[in-house]
Structure formats: structure tokens, C-alpha cells
């Protein structure tokens, strides 16, 4: 807030959250707080890029990346800092591996994959072994990092053999984690052993094997675990899977039932399913070659250890112990390991002691016996662990010589617990050694190297932990004193502790004694102080096991257990005695003479062994190039993305991150010896620069290449470079080599092009010299003939279409009419049923009422009778009642009087009613008068009814006449049906014979096919065997492969040209998928020769049979032809008679229709007059304008009807004349015609064509007869429908009259008028419909007349060739004879000999140059040529030739693609030709679906004998493979351009800001300014598009290719954007959007906007928009969510996290805003995958695209060398 002055005692500061504070300054030191880096540098990928390098800046940068951006990896110079997120992250998938593969370490965001890729590339470039050292505290994530590094190597390198070594390397992880990892308080999957895995590579840097070394397994965990910890995972996996059937013999149960698995009281890890983990472990065992029996043996041993831990040992007395008899757990242990129960029970509680003269058996107290039991359990587990490691290594070792390796060190991290014992001491000792190695490499070696080379350097002080290492391993150190104490007869932990105090307490500042304990000591390690408890150190160091227990196990019947202990040394203590008290039993045994020797050669202690193995590890690491990964533990509570600054800075200090930053940024990390530099960069030197002194040569060259002298330093033996200089030199070297290759290619291509040009020029001159004018004459003559033929076929096609459409229309009309009539019938039936039901219900109700009333009346009568009887009875009994009766009588009289008075009143009322009735009668009379008037007015309706009756009578007369005609037609139809049935029977017999012949041929063909399939299967099996043998031989020749690789292209070319030389042919790995589909790999010519010989043998026998059968068929065909000619003559005569009868029938029908038409016209005229009269009487009535319109329409219809009538009469007269001409010609010239034709048809092909023509004629006549029959049936049905409509109209008129009589006069008149309007409208519509029918019939008859007249003319011309018939009319033209095969009328086929097939394939496919064909000839020419050859084989009905031609074509295309599969032009050319060949097979297949767009000539060229649908599928699959190869080739070309052109290159200059970079700046071989730009991409796209267009690729296929291209561009660009923090800025978003707009402009220019390519760029467009939009408020969040629909939630959050301001006016995205986005997008259902799949290929389709090119017009150029082909 306020500027600082020297005299100020405090500072006024403002924090990031806006809080103002006052910072007090020390008045003595006046130390100012650390300066803060600019905001644009906060969150950098590399800590060395920070302007201010100090602890707060480093800590703040890590915190911002870890908490705000969720980035766990950060570079710190040469070290990768990895912070454990304690949460699974989706950043380790295969897509991420592919994204980092091939990238330089500074190109992408920090990642463990980047370190692995750097190690892999350095191994390949420098040919030096590499190591990845993963270090850090326990729980920091070292094991996971090492696992992902190995997974990366396995993915990117592949395997050098068929054994999938990379899968085996990865499979070792779950095994080692199961038996070596356990849950601790700091880590759920803590490694309790160390391992160093060497992954071996061959000369091509493919994985060939691996080797694992393990260090210091924590055996004590087998028998003891602290609170909240677990034993090794494998025990809990077995317990969780105890329910499985195969594990019943293990007698396991829950983990809480066993002592060794329940002590930590935490048997379950959250989120881990132990059952599934065991399944994974077993699968890994299987993959590594450990079979099921061995696996069960391992599980038995592990289960036995758990049972042994549950063996309860009880006190017998104070000095001895015992195991109760029949202990179930001990019995289970003995059964599982195959030992005797008494022996094991004995030696678990006793021990044998040996002296110089005697041997004693000593009972053990309970505590010692328990310790001995636990020691045995630990020993068994250690042996089992070592056995598994040994067998894993055996599975990972191969016989191939190892060229180099990459080592991955995953060893325990620094540990400090509440109780630290011998295991923690060894772990921390190993970490001290690793820290020293890191110090030596990063600090000490740096400075010493510079001093040794005499390079100016400022020494930097650093922490050296050598004193701590000396304290542990030096003479009289901790380990030395421990070993010495173990050798003492009475050595103990207490005495060892006292020796430590006496030796180091006063002499070493790193060694301390706890205040409150005399059995512990403290060591100041590099990371922290650790207090170790001395208890158990000696016992664990000695690792003593009872020898007799081991002997019992060695005597086991269990083979695996014996194998574990076969190399067991005697596990005795160094002194031969075990301290302890108690009684002893003396046994008199002779002394062992070899005892002295065994006592001296006792086994080494655990500490000594560990120190030696650690020393070997350090030697290995020092011999490799190390790569460091420092794992940081962010908190001690395993909370996800929780950062504890104190814990983090403690670890950062311990691992020396800040020193790494300073050293790496200020030094020269890259070093080359002069010899290495000279050998590597010799290509950059000119001949004059090379001197005898290589050191001087390097200096001179380097001064020219690098102008800045500060970028390098010359030492005594090495050249030192600053960061990035080696990459610059690599770029210069690559550019030099690239320029040299281009020059060589340019020269060769120039020579080839000139040679080709001279050859074409000579050919063109030759053609021009011999060309004459005959070409022009032939062209016009053929054009004229083809035009005439086309017009004839067009007219015939139009006639057929007209007939078909008319028939379909009639059928549709009949269906609608039937439906309408059915509805009317249903209506009346339903009405009748409803009325019947109503009547029945009414009758039932009345009857029911009657019954009920009758019942009630009967009851009343009965009641009255009872009352009467009761009165008489009471009169007899009591006469005194008479008085009462008299009184009642008097009352009745009085009531009668009252009733009489009431009757009088009623009479008076009746009189008044009658008066009123008279009045009503008068009114009724008046109404009746009005009704009479209404009846008079309805007389006109009566007259209409009379007219209707007349019409009905006339209709009945007409129907009678019609019936007579129908009877005659029925008789004629029966005769015709009889004739047709006879013809059908004869035709059916012929068809049956033909089917029998076809079935016999098909059976023979099927038998031959089965034989060939069996022979091919046997050959395929043999070829597969040969292929496996060849692969095994290749394994032995791998060492020679590097030398032969340079000659590979030349040898491959030589092998392809020398097709007769047998031998194995190796294919590139990119074509392995194609190779696998066809199971032969030998030379093409050799296989073809062999298969061709077999085909010739098969073809010879088949040819003889077919020739014999063909002769028989020819004879049968001749007889059938003669018979068919006779039938044809009879049919022609019958057809002529039928046609005459049909004409007579049509004449009668037309006369009938004319009479009906006249009557209807008369009726219409009368109706018109009546309507006009009514309209005049009531001009204001509604509807009068409609009447006028209706009358106009009727007049027009009548006029048109008259015109149509005249046309029908004219057509009828023409038909009669044609019929007579046909009959006359048929009787005079028909026999001679057939004789002449048969005499002329000498060739078998002509006979066949004539036979086919006769069959077609027969089929056409049958079709015409059926059409006439259907027409007659339709007419009869129409008349019936008209009759029914008249009946319905009559009934409707009656109902209408009945309704009108009930209406008032005005309403009655209006209803009548409305009815008349409706009726007339319906009649008008009916007439119009009939008129349309007649029009259609006339048009059909006209077309038929033209066809018949044309046929008559052709028949007359053919019959009267060279002579004139006596009945020939003068006006008829004479037509020439139609010969089927004219000279030079090519059929679009190419003939070749069988022995020329190889030459055809070679010249047309294998040796064809796509560029020449595409430029100079028609597109798809090879496909057309191949199809024309195929047509000829089909024409000859030669299935063998068809099969071999197709097979050879497919195999040759695959072969040329294997040879030149990386050439886009070649792949595009054959994709286009394959698709064209596929379209030709469809177009000429004879399938109607593919023949819609064919011309008549093209239809004649359809395949006639073979159905190649299966081959179409094979060729379609081949086209898909070629398409995928095209996409891969295109991707390989585009891939290097995309990132540079779309992201890195500044298309808009000056927009992107410049940020300082750290040590890991770009070191790519591509220069920073970028070789590729957006224009490079567009030029390449133009090249792709123009190439495909030149090759004639289908437009739809081009659209699919372009769509795939744009998807690759968008996916690669977006993936790199998501993995590069430096690219996520506002200016880069603008750059991307501009680049995308240029791509869209390219699409518009090419007319490809509708192909879907733009949609594939939508994720990239939205990502660019996301970089540019505001990112502050909730409204901005809502806009982002609605805008980014094509991006996943992970991608949106990733972009927001990576967003980095490049200018100070930009603001960083807040964490709260990112959380708001995540909340809003929480409900999205999408894939969690971060990156797009760049390997995804859209499914390809090949839409049918017929060709309009006529096959007979195709000319074969001489440049193709196909002179052996003959046009047919």
C-alpha cells in the first residue's frame, strides 16, 4: 500500500483476499518479506520459470496448481514433483498415453508419462540404460507412479515376440502387491518391500523381458500389525474368497477368526473388494505361466500360515510348554503342508542344542515357543515370497539378447511411526542412500564435473547426508555393532543399546539418546528425527529359525513345500546356542566333525545382506541415466486434494527441490564427449571442416552453428550445453537429412518421370502415324445405330410403363369401390339388427308388464273373495252386525249423492270440451286443405318417379342384353382357358425337365465346391504352420535384423519383381490385420502357381463332364425348339382369332355404352329443363349459381365425350385393318420364315438367342391373355357396381320422398332442390370418372396399336427377305433383316487366356502407376477392364475362371497396398477402383434394385450365369480395409502438421503473448517458429481432395474422407489443448477460431459443407469460445453450460483449470466459478473420458453409384501393356 523507506519499521501490505495488514520488521536485520511473482507466472508448469526462486514462491505455486487447478504434477528442473491426490484421476488412460507418446518433455503438461517418454527416447537416442527413481515418504504415491511408468513402456513399445511380454510385466504388479503390500496408517497400499524392475529392450527398442529384484521384505508384519493396519493383502483375499468351492479344502473363514489378520482391527479397506482382487491375482498368475495346481499349492501354504498362527501353546510348567492334543488348527496346518502332526507338535515346543560333544533336546517356555512358531511363520512366508519372485522373473525372461534396459525403482519411503523397529531402520537407511545418490547426481556430480572439466562454476553449498550414512554403515557403526552383538553368546538388545550409547553418543551429533528410555536411540535422518526401539533388533537381524522345524517341513509330502526349502541352509545362530534358562535333556551323541566348519561359515545377518544388496542397487543406478520423480504427501489424513503447507515444505526441503532449481537453471545439463558429438553431428560438417583433431573440429563447427558463446562450454573431454541446445542441433541434423532425402527422391523421380514421358511420347507419335479417317466414319455409324436402338427401347419402355400404371390405377379404384360398397352393406345390416333388437325388447317389456298386471289383478280378486266369505260368516255368527251394515248402507247412499253431483259437474266440463273440440276440428280442416295443396305441388316428384321407372325398365333390358354378351364371352373365355391350360401343361413339363437338369448340375457343382473347400482348408492349415515356423526363426534372427533393415526395401522390391522365387516375406506391422485374414504369407507367384495347378486338374475333369452334358442339352434344346415353333404357330393363329373376338366384343360393348350414353344425355336434358324451370320460378332460391356452373361442366363433358367417341371409332377401324393384315401375312409367309431363320441360325449362340427370344414371346403373349382376362373381369365387376348403385339410388329416392311428405311445403321444396343438386353433382363426377377411364383406355390402345404395327412391319420384313409376298401391300415399307450379332458390334467384354491371368494382374495392378492412369485415362479404368474380363468368363460359364480372377484381383490389391500402403496416392487410387469394381458388380448383377438407372444396352451386359453376391461382400470388406488404410496414411501425414499449424503457429501475427519458460522448454526437432502452418494443412487437404477427384472417387466417399480428416484435426488439436497449459489463453482461443474459420472456408470452396465435417470441429470451436468468454458471474456460468454442449464436463473443467493469463489485464478463473460450473453440469450423462479418441474411424458406407459409361466404348491404351486382351 505504502512505499518502503529505509527508516520504516513496518510494511503496509494487501493480501490476495483484499485484507490489509501491517508487517513488523526486525530493527536489527531489516529482513524484507519475499517478493511475490507476477500473476501471469503463478501456476507455471516448471518451477524454474519463476522469476523469484524461494520457498514461499515454490510452495505457493504448488498449492495453486494442486488445489485450484487440480494438477498433481509439476516440473522442478530435472525432477518431476508428484503430489498424491488421494483420489482416482482420469489422466492415465490409453488416450493419455497416446497423447504423450512421441512428444518432448516440455511440449505437454507435466506427467509421469512425460518422464517415461523422456527415458525411452534417451535410451533410443543415446543408447544408454536409464533409471526412473521414484522417492518420497510412505503414502506419497511411489508405487502408483512406478506402476504407471511400467504401463507406459508396455503400451508404447510393444513386444518383440508373440508372448506379449508387456502384458506379463504389467501382470507382475497385482501379484507383488498382493504378497508384498499392506495397509498402514499412512497408506492403504503401502509397499512393505523394495523392488527394482529392469525392463529389457531389443535393438528396435521393443520389450523383450524384465527382471525384478526385491529388498527387505517386512516379515514381522506376517505375525504382528499395529492398530488400524493390516497384514499382507493376500491373506484377506483368501479369507474373503473362502466360500468358493475350490477353497473349501483350505478350511478358512472370516479374517477376524485368525490371529495373524485381526490384530490391527481393520480387516477391510474402504472401496476395495478382496474377492475381486484375488480373481485379478489368479489371472495374473495364469498369465505368467503359474498353473492352477501351483496356485492352489501357494494358497495352501498361505492358509497353513494362518492356521499355524491360531495354534495355541499352553504352559506345562514355568520352563516348558505343550500343545493340547488334536488341536484343530495344527491338524489343519499339518494336512495342508503334508507333515506329521506329532513331529510338528514336538518341535514347536522343544529345541535341539548342539555342543562339541553332545546334543540336547530342550523344552521351551510358552513365550519362546510362541516366538518360535511366529519365526517359523515368517520364514515360510519369506520362502514363499522369494519363490514367487523367482518364478515371476522366469516368466519375464526371454532368450532374446537384451540391448538396453530401463529400470524402475519402487522402494519404501522414509518412515517414522510411534514404535520404530528394525524394519523402519533398514527402510530409512535405504532412503539415506538414495538421497545421497540424488545429491551426488544433482549437486555433487554437477560441481565436480565442472571443476574436472575446468569450466567456470560457482560452488553451491548443499546438505550432504554422508555423516548419517557413516553412522549406520561405517566401521563401528550401528550395523557393525549389531552384527558384533549377534555373534556374542549372551548378546542382547540392552547390551547392544549400551554399546551404541558408549560409541556414538558423544562423538556423533546425529545420534541421540531419549531422556526416558535406555532401550532406544534417535538418529537425525535427512528428513526427520526418528526414535528406534532396540527390542527385537538382534532377533530380527539374526533371523533364526528352529532347525528341526525346517527338517520336519523338508520331509513333507507336499512337493511345493519341499521345493521352497530345497536350498535351505541350517538356520542356527552364529554361536550355535540360544540364550535362555530352563532344564535340559542330555543325549549322548558323537560329535560332528564338520561342525567347526559349519560354525565358521554361518549365514550372513539380515543387516549385512541388506547392506550388500543396497550397494549393488546403487552401483546399478550409478551406471544408468537417472530420472527423478519426487512424490509429495500433501497431508497426513489421506484427504483428497487437501494441502498442508508445513508438511509439504518439510518434504520439499528434504528432497532438495530448491537446490535442484538453482543448479539446473544456472548450469549446463546436457553433455557430449567430443567423439559422441562428432559421430552424431557429422552430417552438419562440410568436408573441409573435418580435421585430424576431432576436438578442434567440434569447436569450429559449433561456433558456426551456435553463435551465442554462452550457450555452451568446452571442457577437457566434453562439451557442455545449456538447456535446449541439443534439441536445436537435433533439428539442424534432421533438416540436413531431410534435405538430402528430398534431393535423392527428386533426382530419382525426375529420372522416372522423364523415362515415362519419353515412352508416352513415342507411343503417341506411333499412334498418330497409323491413324486414318476410319475412326470418324465408325464413330458416326455407331452413333446412328445406337441412337436408333435407344429410341426403339425408349418407346417400348414408355408403353410398358403406361400399361402398368393404368393397371395399378384400376386396381386401386376397384379396391376403393369395394370398400365403399362394404360400408353401405354394413350400414344397412347394422340398422336392421338394431331395429330387430328394439322390437324384441319392446315385445318383452309389454309381455312383462302384462304378466305383472295379471298377477296383481289375481291377488286383488283373491283378497276380495276372502273378504266376501268373511262377511257372510260374521252375518251368521252375529246378526247384530246388520244394524251396523244398515248404517253403512246409509253412508254409501250419501256418498252416491255426492258422486252424482260430481258427475253433473263432469258433464258440464265435457260440454265445454266438445265446444273446444269443434273449434279444433275447424282448424284441422284448414290444415288438411293446406296439405292437399302440398300434395298437388308434389306432382312433379311423381313424374320424376315415373321417369325413374322407365329408366329401370330400360336398365333391365340392357342387363338382359349384357347377360347374353357375358354368356358368349364366358364361352369364349372357357375355350381360351382350355387352350392356355394346354400350353401351360406343356410349358410346365419343359420347366420340370429344365429344373431336373439344373438340379443335377447344381449337385455336381456343390460336390466340386466341397472338394475345393477341403483342399483349400488343408493348404491353409499348412500355410499357418509354415507361418508359425517362420516367426520362430525370426526370433533367432532378431540380432541380425538391424543390419538387414537398411536393405529391406531393396529386397522387398526384388522379391516383388521376382515372383517365381519362393521364400518368406515379412510384412510391416501396420498390415498385420490384413495379413491375418488370409492365412498365407509366402510369395504370391509361388502360391498362385500351386493353386493354379490344382485348379487345372479339377477343371479338366469338370470340362469333360460339362462337354458331354452340353451335347445332350443341345439335342434336347433342338427338339424343344422345333416343338416350340409348332406351338408358336398355333398360338399365333389362336391369338389372331382371340383378337378378332376381342374386337367384336369391344364393338358390342361400345355400342351398348353409346346407347346408355344417349339415354343419359336425354335424361340430363330433361332434368336440366326442369331445374331451369324451378330456378326461374324461384330465382332467389339458394344454389342457383351452382346450377349454372354444373350445366357448363355437363356441356363441356358432353362435347369431350363426342370427341373421344370419334377417336374410338377411328382406332377401331385401324385395329380391324391391322388384324386382317396380320392374318393374311401369317397364312402366306409364316412357315417359310421359320425355315429360313432356322437355316440361318447356324451358330450355337444364335440358336440360344433365338430360343430365348421365342421364350420371351411366349411369355409376352401369356401376359397379354392374362391382361385381357383381368380387363374383362373388371368390366363385369364395373357393370355390377353400376347396377348396385342404381338400386341404392332408387331406395334413397324413396326414403327422400317419404321424408319430404312429412315436411312443410317450403322446406319440402328446398330439400328437393338440394337433393337434385347433390344428385347431379354425383352424376357429373361419375361421368367425369368414366371419361377419364375412356381416355386412359384410348391412350393404351394407341400405344398397343403402335407396338403391334411395328411388330407386324418387322415380321413382314423378316418373312419377305429377298422376295415379295403375293398379299404384300404396296404402301408397306421393306425393312432390313435384324441380325443379332453384327460385325464390330462389341459386347463390352475382354477375352484372355488362362495362362495370361498372372500377366493381367501384374500389369494392371502390381506394376500400375496410379498417377499416370489418373491423369491420362478415364477414372476407374482398371476396374472397368477387370469387370469386362469377368463378364467374358461369365459369358463362357467358366466358374473356375471367375473364381481365380476375383481371388487374384483381391490378393493383388492387398499386396500392392502392403507394399505401398504409406503412399496416399496409391491407396486412394485403389480405393476408387475397388469401389468402382464393386459398383459394376452391382450394376450388372441383374438385380432390379441396381438396374433402375441402366440403359437398355447396359441391361444387355448384365451377368447371366453367376450370382456374385458373396464376392460383392468380400470386395466391400476389402474396400473398408483400404478406406481404413487411407485414413491411417492420411493421419500419418497430417499428424505432424496439426499441433504446429492449429495451435503453435501464429496465423494472426502479434496476437499471442510471450511467456518466460523454464528448464523444460520445448526441445522438439521442429523449430520454435514452426515448420508447419495452417497453410500447410490447407495445402495438404487440397492435395488429398484433388488426388481423390482425379482418381474418380465417389463424391459420397470423398465426403466421408473429409469428415474423417476434420475429425482428426479437431481431436488432435483439442487433446493437445487439454494437455498444454501454455495454450489455454484468450489470445490462443482467437487464434483457434480464426484457423477453424479458414477450414470452414475451405469446405465452402470445395462444396463440402453438407458432409458433416464442420460438426466434427464443434468441440474445438466450443473450447476456443470457452477461452474467450467471460468467466466471472453466474450468468457467465449459465452461458458456458448452454454453449458447450459438445464438450464433456471433464473437458470444460480442464480448460477452465488450465486457463492462464498471458497479459496482466487478464484475470484467472476463480475456484468458486469452476465449482459453479461443476454443479450446473452435474446431471449430465456422459463419458468421463477427458481426451477425444484420435484413433476412432467413422463407419464407412459405399452408396451405390452406377456408371453411365458404356462398356463397349472403352478403349484399352497401349501404355498398359494389355495387348493380350481381345475385345469381344
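In case you wondered, yes, glycine gets a Cβ from its N, Cα and C as well.
Around residue 136 (ATP binding site), the same-chain residues six or more apart in sequence whose CB sits under 8 Å from its CB are 82, 142, 413, 414, 630, 631, 632, 633, 651, 655, listed in sequence order. Residues annotated as ATP binding site in TrEMBL: 136, 137, 138, 139, 140, 141, 142, 143.
What TrEMBL lists as coiled coil is 871-1054 (among others).
The coiled coil annotation in TrEMBL covers 1103-1170 (among others).
Taking the coiled coil (1269-1351) as a whole, pLDDT averages 70 in the prediction. Taken from TrEMBL, the feature coiled coil applies to 1269-1351 (among others).
The compositional bias 'Basic and acidic residues' annotation in TrEMBL covers 589-599.
Annotated domain 'Myosin motor' per TrEMBL: 42-734, in sequence order.
Summarising the annotation, TrEMBL assigns domain 'Dilute' to 1447-1723.
Positions annotated as region 'Disordered' by TrEMBL: 570-604 (among others).
Taken from TrEMBL, the feature region 'Actin-binding' covers 614-636. According to DSSP, the secondary structure content of the region 'Actin-binding' (614-636) in residues is 9 helix, 8 strand, 6 coil.
TrEMBL lists 1054-1080 (among others) with the feature region 'Disordered'.
For residue 141 (ATP binding site), other Cβ atoms within 10 Å of its Cβ number 25. Those same-chain residues not listed among 136, 137, 138, 139, 140, 141, 142, 143 yet with C-beta within 8 angstroms of the centroid of the ATP site C-beta atoms are 84, 187, 190, 413, 631, 633.
Neighbour list (residue 140 (ATP binding site), Cβ cut-off 8 Å, at least 6 residues apart, same chain): 82, 84, 413, 631, 632, 633, 651. If you draw a 10 Å sphere around the CB of residue 138 (ATP binding site), it holds 23 other CB atoms from the protein chains shown. Contacts of residue 143 (ATP binding site) defined by a Cβ separation under 8 A and a same-chain sequence distance of 6+ are given as 177, 181, 189, 190, 191, 410, in order along the sequence.
The local packing around residue 137 (ATP binding site), expressed as other Cβ atoms within 10 Å of its Cβ over all shown chains, amounts to 27. A simple Cβ count within 10 Å picks out one of the binding-site residues 139, 142 as the most packed, and that one is 142.
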